[in-house]
Amino acid sequence: MAAEDNSQEKTEQPTPKRLEKAREEGQVPRSRELTTTAVLLAGTVGLYIFGEFIAARLLAILRYNFAFDRAGAFDTSVMISHLAKSFADGLIALIPLFVLLLIAALAGPVALGGWLWSTNALAPKFSRINPIEGLKRMFSAKALVELAKALAKVGVVLVLAVWLLASMRQDMLDLANQAVHAGIVHSVQMSAWAAIALSAVTVLIAVVDVPFQMWDHTRKLKMSRQDIKDETKDTEGKPEVKSRIRQLQREMSNQRMMAAVPEADVVITNPTHFSVALKYDPDTMETPVVLAKGVEHNAMKIREIARAHRIDLVAAPLLARAVYYTTEVEEEIPGALYMAVAQVLAYVFQLRNYRRGQGQKPVYPRNIVVPPDMRFD
């Protein structure tokens, strides 16, 4: 019973499939603080880069709106014209800053969790309109954590605002005694410093919030051992996965087989379509063993490896096909082929002795007898 309970505890890290499924459902780690920080930093940089441009445009708008006569003040068309031009000029002045803020607002979520467009996340769910579920979400641990974070942020921002007002009090009072142009420039500068201070605070908050969101996302997706077993069983049961597994197994088996060719004593060939690599050690083996076999491309590969390692090749078409069709890799040859294989091995061993200067050169075996029931034409 204890083992069953342990298997149901969600203690295992989520698998790639679980993460992918969660992503398809719109579940990815997100940090509002990261987005807020990105927007504030972008705004600060924007004020630094475009501050003079914005100030100059705002000053031009003010000058334009104060440049009308008494009659124009009572002319509706003149006022509408002034308003439209002022709005257009103000929009032009702020467009660079707005574009920068938009890029930051999009980059923040992408930086954590990546770009995601999921229709599943937009699909209607009963739990979203169920009042009971809504109350549960309101008083859940996550909601309390978010509330605590919000209160902490408000507190920090209030403290920062009080500090900024106190430190800039004299600067704000001096605005009343400054020329319009200087006052606007000074206001933009103060706004930039306030944005820098606020950005610094939000950076600290984001540094804490981002790792927390990543940890919380992983925690919610954790799986039990039984979940992993069920997922593995479901995945491996798919035909395409089974086919891929079999393909990998064949490739690995083929690699092991080719790696064994250099240990062979002889390779019997068809001579082009079939190749069979045999090994026989009289001191440790009772019967020759097939180390590798193949047809067409694999047969050619076996011959290439054999030549590279100076292993003798013997062309015996009937015997090559007989061994290929009757014996698997790492198996002993059948008794019916003992005599035929013995002829080949005797020739190879005698040839080795001849190369060492021992004995006469053996006669190449051309009439190797293969039993009729072992012939595969």
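Using the three backbone atoms N, Cα and C, a Cβ is placed for every residue, glycine included.
If you check TrEMBL, you get these features:
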REGION    1-30  region 'Disordered'
COMPBIAS  7-30  compositional bias 'Basic and acidic residues'
TRANSMEM  38-60  transmembrane segment
TRANSMEM  91-118  transmembrane segment
TRANSMEM  147-166  transmembrane segment
TRANSMEM  192-215  transmembrane segment
For the transmembrane segment (192-215), find every same-chain residue at least 6 residues outside the stretch whose CB is under 8 Å from a CB in it, and list them.
29-34, 36-37, 40-41, 43-44, 47-48, 51, 112, 149, 153, 156-157, 160, 163-164, 168
Go through the chain and flag residues at least 6 beyond the ends of the transmembrane segment (91-118) whose CB is under 8 A from any CB in it; none is fine as an answer.
23-26, 28-31, 34-39, 41-43, 45-47, 49-50, 53-54, 57-58, 61, 210, 213-214
Using DSSP, tally how many residues of the compositional bias 'Basic and acidic residues' (7-30) sit in helix, strand and coil.
11 helix, 1 strand, 12 coil
